[in-house]
Amino acid sequence: MSGSATSCEECLLIHPSCAWCAQEDFGQARTLNSRCDFSQNLQKRGCDAPFIENPRSGSSLLRSKPLSSKGSGVTQYDVIQIYPQKISLSLRPGDQTSFEVQVRPVEDYPVDLYYLMDLSLSMKDDLDTIRNLGTKLAEEMRKLTSNFRLGFGSFVDKNISPFSYTAPKYQDNPCNGYKLFPNCVPTFGFRHLLSLTDKVDRFNEEVQKQMVSRNRDAPEGGFDAILQAAVCKEKIGWRKEAYHLLVFATDDVPHLALDGKLGGLVHPHDGQCHLNDKNEYSAANMMDYPSLALLGEKLAENNIFLIFAVTKRHYVLYKNIRSKVELSVWDHPEDLSLAFTATCQDGQPLTGLRKCADVKIGDTVSFNITVDARGCPPKGTRKSFTIRPVGFKDRLEVSVDYRCDCSCTYYTKTNSSRCNSAGTYSCGICRCEPGYLGARCECEEGEVDHQHLSACREAEGKQVCSGRGECSCNQCLCYESEFGKIYGTFCECDDFSCARHKGILCSGHGECHCGECKCHAGYIGDNCNCSTETASCVSDDGKICSGRGSCVCGRCQCTEPGAFGDTCEKCPTCPDACGTKRECIECRLFNTGRLADNQTCQRMCKDEIITVETLQTDDSNTVQCVYKTENDCVMKFTYSEHANGQSVLTALKEPECAVAPNAMTVLLAVVGSILLMGIVLLALWKLVITIHDRREFARFQSARSRARYEMASNPVYKQSIPSHPMETVFHMHSIKSCNGGVH
């Protein structure tokens, strides 16, 4: 590609590694392309180092005050939360340069909080609730900063039809005829009631005075009020050195730009302050409602954090608002590409990110910013841009100087004798006047030496001037093309034959040089359609592709089996699926666990959670999860994915817990068990005795029966029948004598 360069400036634009030799006697007369090469190659071929043009990109610090550690006290007007504060960049096109930015949210930083409240009729009950809100806010904020100021304003809507009641009977009392609440104040757009002050009692006094009004439709004119509170800096009292919070309390949606046409308001909002001497919005019935874009621009321009407060929420947690550090770029020049790498609290660099979450007061986070210039603006052009942490007053000012010129051009000579007085000598070569050609302008157009046509061929057998030019004076004159520029020693290069994506050359993210796309910073690939940004690949937990894949061309390619989703966040079969979803069950249902009382719970846990009395576990498409709670109970839930990609968690309403036994119940159970065992043993003993006795009785009966038989059948034992009573006496006496041993 170096052969396409016919000047030092063209050589520098080809690639940031290309260098130009401005030495007059370098190389052969016709080999002009040899002057553009790598610096080391030029030196090897005889170009002395002082004649080599190879500017490099770089940066220099212009203001670098150290970061502060505390926001209030004697140093509150000189608090530094970003380092450095001003730098200068020298950029060669295509050559990247990097610098580091550090941000530290300081402790005890001054805070201005302006409370903007909807005073339409539906907010009547909430007005009663905030009667002593100033004291509560001050108590909470003083836990975080010793320098706190509070202001107050209110709004309703534009006092024109169809937004409000405009009949004469409603002018003084829009609630006229409304039975539930018959008296209220006239409708107004925005009313600034209390400038920012450290006198909290003043806030309470102003709130006590307020009465609600009434408008006709449901949406309110809150965006009119927000814009006025943002741009009327002097009347509101915003301090430059303070952190700005705007609390917007309402119970309905606001009107947007173009809604005003319903009331005949065709003029767009001008974004200016329109508070009159009574501190009321005087242009409410003259201009349309502001657009979201205008509102966002003015809030960012004035470093105001807008908090949309639900009607039941009365405490603004300053530490949560300050827990994120995000860089924004202002006045970004179109020809510069910026790439960010964030290094947050864990010290791990995250390519493509420009924000850190869950940053504590006093933590320091850093960002590496790489800058690449795509081209060269007109000579002498200097550009600048600003980098600001969102919501901080601190900023980094960056000035840019382009290194597109070669120093040897300062010694340019017109009608130089080195060019036969027919051209301009610059950086070792001649630029010939029209009609002259040659390395030293020694030929006139039309002179062709047919014996040396080979000088116009890139190689033997190839077409003269690649078929895209004419050979004149042993040099190629390239044709003009409606598609772009044809150039090069042999007309072999052009700036329109590169790869395209969706019909766009180099995808619009690169420049075409000699048939090859040279991508801008942040893009790679043959057609520069592959973004190196990884912000779109970061999941809610701050990991690239949820730790289950890699970010390719700005999109996640999931490598974990079963993982899917834009950031591979869905994976019912992954080993950590139950653990991840468990944290959401804990914080969403029971306000416990690691994510409890943390904004990340709502950010990370967006799945639908269904609570049931009995968990069905027979579905094969669900993953069953069980974990033990802090109270030694068992919590069960299932995890599944719908066809539309939505994650669904089905959980028990309450964990299953074992009930502790009653002491009396245990005592009675033990006593009962002992008695039962005694009765059983007695019954067994009785049964054994009964069986034994029956056997003995049966044996006795058997023996007795045998004795009777023997006595009945033995003639010896037959009883004699006496004939005289004395015989009987004698007989009995004889038996006794025999039994007694007397025979």
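Glycine too: its Cβ is placed from the backbone N, Cα and C atoms.
Taken straight from TrEMBL:
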DOMAIN    3-48  domain 'PSI'
DOMAIN    7-406  domain 'Integrin beta subunit VWA'
DISULFID  C8-C18  disulfide bond
DISULFID  C21-C36  disulfide bond
DISULFID  C175-C184  disulfide bond
DISULFID  C232-C273  disulfide bond
DISULFID  C344-C356  disulfide bond
DISULFID  C376-C625  disulfide bond
DISULFID  C404-C408  disulfide bond
DISULFID  C427-C465  disulfide bond
DISULFID  C432-C441  disulfide bond
DISULFID  C512-C517  disulfide bond
DISULFID  C530-C537  disulfide bond
DOMAIN    578-662  domain 'Integrin beta subunit tail'
DISULFID  C584-C657  disulfide bond
TRANSMEM  663-685  transmembrane segment
DOMAIN    686-733  domain 'Integrin beta subunit cytoplasmic'
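When pLDDT is averaged over the domain 'Integrin beta subunit tail' (578-662), the result is 76. Around C273 (disulfide bond), the same-chain residues six or more apart in sequence whose CB sits under 8 Å from its CB are Q228, V231, C232, K235, listed in sequence order. A gap of 30 Å separates the Cα atoms of C36 (disulfide bond) and C530 (disulfide bond).
Note: C625 (disulfide bond) has non-local neighbours A577, C578, K581, R582, K636, F637, T638, Y639, i.e. same-chain residues 6+ apart with C-beta under 8 A of its own C-beta. As a summary of secondary structure, the domain 'Integrin beta subunit tail' (578-662) carries 18 helix, 26 strand, 41 coil according to DSSP. Residue pair C8 (disulfide bond) / C175 (disulfide bond) shows a Cα separation of 79 Å.
With a 10 A radius on its CB, C184 (disulfide bond) counts 21 other CB atoms from all the protein chains. The CA atom of C356 (disulfide bond) is located 47 Å away from the CA atom of C21 (disulfide bond). Looking at C432 (disulfide bond) and C18 (disulfide bond), their Cα atoms lie 24 Å from each other.
Within its own chain, C512 (disulfide bond) has G484, D494, D495, F496, S497, C498, L505, C506, K518 as residues 6 or more apart in sequence whose C-beta sits under 8 angstroms from its own.
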